[in-house]
Amino acid sequence: MLLYLPQIFSSRASSLLFLVPYLLFWENVASISTCAERDATIQHSLEKLLTLTTFMSHVMSIETAKLFTEFNNQYAQGKRYNDRIPGTCHTAFFDTPVNKEQSLGSDPKTLLKLVRSLLNSWTNALNHLVNEISAMQGDPSFLFSKAREIQAKFDELTTGVKTILSMIGERDNDTHLAWSGLSSLQSSNEDVRCFSFYTLIRCLLRDSRKVNTYLEVIKYQIFNQNNC
């Protein structure tokens with residue numbers, strides 16, 4: 001029996017973990033590759049899952065902004081990190097649309113695969129962010145808690161995107177870009193360590209906003225253009 005998605009979506013406390021039976025159902029359904037081949041029920045279910053996934057990405061970007069703001073307040077005051085030449089984000093080498101208008105001109109399947117690759121690329125980095133931020137001087141308890149919350153949302157969002165790919169007849173992919181900044185997060189030089197955290201969280205915020213934008217565009221394309 002399928003879960004009633006509108007009821008799940010109505011609660012901000014809900015997460016994609018409540019959709020596990022629904023997601024497992026889709027893993028055992030033969031994927032249908034085009035919108036024209038789908039019946040109305042399947043298309044409606046796809047739209048509901050897209051709505052929930054897009055909402056989750058919006059929440060994730062908000063929580064990441066809170067993490068960035070709090071880190072600035074606790075560890076970056078007076079250090080003028082924003083004036084330094086920023087480190088390159090490890091996901092910068094993906095060929096991504098530069099703005100929402102360019103995203104609207106992208107194929108939704110290609111855009112969805114890009115979202116999956118961005119999420120994949122943060123698995124290792126987020127794990128180390130959570131582990132290392134707890135060792136920061138002072139009281140990093142809020143930062144640690146928020147980082148764990150964001151990591152959980154990334155995992156849930158990845159599950160949702162993986163399921164949507166299956167629903168539209170696309171194979172899941174493990175494409176990702178490796179992160180190699182652990183030594184900087186563990187540096188004995190406090191300034192190097194703090195700036196590395198600042199850069200990593202800034203990149204996380206950048207990518208969480210990209211993921212939200214791309215999912216909003218994909219939802220618009222499928223809802224309004226019946227385009228898959």
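Placed from the backbone N, Cα and C atoms, the Cβ positions cover glycine too.
Worth saying up front: this structure is predicted, and the values here are computed from it rather than measured.
Some features that Swiss-Prot has for this protein:
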- C89-C194: disulfide bond (DISULFID)
- C203-C228: disulfide bond (DISULFID)
- N173: N-linked glycosylation site (CARBOHYD)
- 1-31: signal peptide (SIGNAL)
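What Swiss-Prot annotates, mapped onto the structure for a quick look.
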residue	record	Cβ neighbours (10 Å)
C89	disulfide bond	19
N173	N-linked glycosylation site	12
C194	disulfide bond	20
C203	disulfide bond	21
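Across the structure, the residue listed as 'N-linked glycosylation site' and C89 (disulfide bond) are spaced 21 Å apart at their Cα atoms. Secondary structure from DSSP puts C194 (disulfide bond) in a helix.
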